[in-house]
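Worksheet: one structure, shown below.
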C-alpha cells in the first residue's frame, strides 16, 4: 500500500529565522485586528518561533539539531532577505510561511491563495508524540460558531481514522490552543511540552482540509516533498519557482529520515501541489515522474487523510491492529472473525465517541470468551471515558451477558484481548447515543445531536444541569445555528431557570445569532432542544460552569456605588454624574448627568473654553414612553481624526455602555443629527491627558414614536416616519398584504420589476452558512438588464471557490457566465445582452460576511435575434405604464439567420409629431448600422404596419428630446424569406 514517508524532526531544509516578524506578509492580506487576544493564555506562540520552515514553526531546540555553520548560514540568509523586504515596500515574494492547501496560496503562513505548503513526515522523537495519543485543546474566543464547527469536524476526522483523541482541556499542562495569529496559518510539529502551544488558523485558513493539514503538524507530521528519495518520485522544475523560494524544494539527508517503512505518498494531505510557489499559476514546480494506474497521480489534495496518512499515524501512535473509532449515533461491532472464533493473542480497541451532551448505551448481545478467574486471560473491557485509564465499568468473559452499560459522558473505551488458544465465538455488541439527562458537574460541554454536522430530525433532548451548591450555573454559547422562525415554533433551544419544565423561562432561541451569556439564580439549569422533521442546521455548542455572584456578597465586591456581575468576574460602576476613581472601586464627581426634559442642551466641560484632560462625562437622556430623542450638534471640535482613540464623543441608544452605538465622533466635523432608537440616549465624552480643544455644544429635542408601542403592530421591523410609520421585513421575508405581518420568502426569486434592489440573505447582517439563493430577472423585451453593485463583502478567494455571487446572461444557470464575484472590491456594472439575467449566490459552511447589495435596472438597445417565432420589442421598459422618458437614444440591431430577412409589424406607434420628425423619432436602416440604406424616419402616427428588410438585418434607432413625451411604440419582429416586394406594405 502506498504510504507516506515521514521525515525526522531533525530537518535539513532551509530554515527561516524570525527577523522581527517571522514571515514575509507582503504577498498576502491580513488584518492584525484578527489576532486573538481574548484569552490571556501564555502559550507557545508559533509567530515568535526562532525560525520557520514553510508554515512550520521551529524553536531553538530544533535549530540545535543542525550543524552550527548550517544554522548560522540559514539565519544570515533569512535576515538578509528580511532586510531587503523591509526596504522595498510592496515586495511580493514569500520567503517563509506557505499555504497548507494543495491549491494556490492565500496568505502568509497559510493565508490562503490556493497553492500549497512545505514538507511533511513523522517525528522520530518520542517526546514529541502525545502520550496515549490524547491531545487536549482550547478554542480561542474570537472564532465564530461555524469556524469552531470546522475545527471539530477536522479533529473528528483524525479521530475517525486513527487512535488519536482530541479532548477539551481541563487541567492538562500540555495542550493546543486554536487561535488567530498575525503569521496566519502555522504551528509546531508534535508536542512541545511544558505548557500550551498555539495552532494558528489565520484569515481564510478555516477550511476543513486546511485544518486537517495543520492538525497533521500537531500530531507530529512534516511535509512529504523533502524526503531524501523524492527524486525517484517527483521532478522539481526549478526554472518555474518564484525567485527566493528555491529553499522550499531542498531535500533531506538520509540519516535524518524515519519513514517507518512507508513509501512515497502522492495522495498525502501534507504533499505539495504541482504549482506551489510557481511564477505563474499554470506553471508546474513539482511533477510526478511516473504513472500510477495508467495516469500521472494528482498531488496536493486538501480533502481528507490519505491511506498513507492513516497508516503512518497508526504506526506513529502504535494503534492496535484491530478495532476502530465509532462516531455514528448507532452502531455495532464484534470481536475479529465473529462468530467463527477469534485467534490467540488478539488486541483490539473500539472507541465510541458521540456528541458532547449525549450518553452511550452499550449492550452486548452475544458473549462467548474463555472463562477464567477475574477474566485474566481472554476478556472484553469497558471503560467510561476516552482512554485506557478511564474508570472501569466492567471486565467480561465466559458466556453470561452483561447488563446494558450507560456512559456518564459522550465516550466509551472498549478493549478486547485474547491470550489462549481456546476457540469461542467471541462477542457482538450494539450501541446507541441518547441525548439529554442529568448532568452533575461543575463544568462541561453540551452540543446538539450530531454537532458539528447538522442535527438530526425529530429530536427532543432535555438536560438538567446541576453544579455545586452555593454557585450559579453560567452558560456561554460557542456556536449557534438553528432553523429560523419569528416565534421559534419549529426547531429551538429552551432554557429555564431551575430543574424542570415548570421553572421560570429564560428564553427560547433559534436563528443564527448566538444568545447572550446566561446565568441561573440557583445551582440548577434546565435545557430542552427540539427539532422537527424538516429543515436541519448545524445546531449549537455551549459551555457550562459554576458561577458565583461577587456582587451579592456583603461588601459588594468592594464597589462604592454600583457592582456589575459578569460571568466569571465583576466590575464597579458609578451613578450618573460620577466616574470611577483610579482604584476602579471608588466614585468621584464628574460631568454629565441624568436628564428627563423634552429638550435642552449639553456642552463639554469648561465650554466655551478648552475642556480639561482626563475627563469622562456621561449624559443619560430619558424622554416619555413612545418618544424618541434627536441630538443636534451646534459646534464640534475635539482632538483626533478618523481613528477617535484619544478624545471623542460617543452616542448610543439606551443608557448603558453596551447599548446600540450610533457613532463615535472626533475632529472638527459636526456629526449629522442623531435620533435614538427608543426613548433614551446615552452621550459619553472622554478626553485623554494630552491635547485639549474647545469641545462641543449640542441641543436635544423629543418627538413621539408610534413604533415604540407594540412595535406599531408590525411583526418584524417598524420604521418611524414623521407623523406616521411603516412596517418592513428583514431579508428573507416579505410583507403580508395586511402591511403589518411578514411571511418567510423562499430563496429563489423571480424579479419582474424594471428596477430595484437585490441583497444577499439576512442583509445587512452576515449571510447564513450553507445557503444558495437565485434571482431570475426578466425585463421588457428589447431592453437589457443592468446590475450595479453598491456594496460587496463576500468571503475572498482568488477563484471565488468558496462563497460567491455568479451572474449569468440569460434565464437560468445554463446561460453564459457574465462573472463570478467575491471579496470586498465592488465589481464594475454587469450588462446582459438581453432582457434576462440570472443571479446565483452560494455560501459554504465556514466564513460568513456581510454579503452584497446591488441595484438592477434596464438599458435600451442591443442586438436581438429574429427567428420564425414572433418576438416583441418596446420603446421603453415601462411601456404601457408610463410615457417614454426624455433625452434617450436607443439602437437595436435585429439580425436574422443567413438566407432570411427581417419582418417588422408595428402594433402601437405614438411619438411626438413634428413635420420633419426633428424632435422625437424612430429611424429604420436596412442593415447593421446607420451607413446602411435608410428606410425612413418616423414620428406621429408612425410607419406602415409592416416593414421588410432587403438583407438579414435591420437597425432600429429611437431618439427623444427632453420635452414632450408620448406613449412610445411596440413592434413585433420575426424572420422571413426574402421578399420580392417593396420594403413596406400596407
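All residue numbers here begin at 1 and follow the chain in the order shown.
Using the three backbone atoms N, Cα and C, a Cβ is placed for every residue, glycine included.
Quick caveat, the model's predicted, so the values are computed rather than measured.
Look at TrEMBL and you will find 213, 217, 223 tagged as Zn(2+) binding site. Residue density at residue 213 (Zn(2+) binding site): 32 other Cβ atoms are found within 10 A of its Cβ, drawing on all protein chains shown.
Positions annotated as compositional bias 'Basic residues' by TrEMBL: 112-122.
Per TrEMBL, domain 'Peptidase M12A' is recorded for 121-320.
For 322-434 (among others), the entry in TrEMBL reads domain 'CUB'.
Taken from TrEMBL, the feature domain 'CUB' applies to 435-547 (among others).
Annotation source TrEMBL lists domain 'CUB' at 591-703 (among others).
According to TrEMBL, the domain 'CUB' annotation covers 747-859 (among others).
Among the features that TrEMBL reports, domain 'CUB' is placed at 860-976 (among others).
According to TrEMBL, the region 'Disordered' annotation covers 79-125.
The signal peptide annotation in TrEMBL covers 1-22.
Counting other CB atoms no more than 10 Å from each candidate's CB, the binding-site residues 217, 223 peak at 223.
Note: the stretches the domain 'Peptidase M12A' (121-320) and the domain 'CUB' (747-859) are in contact (3+ CB pairs below 8 A, sequence gap of 6 or more). Across the candidate stretches 322-434, 435-547, 591-703, the maximum count of CB pairs under 8 A to the domain 'CUB' (747-859) is reached by 435-547. In this structure, residue 223 (Zn(2+) binding site) belongs to neither helix nor strand by DSSP; it is coil.
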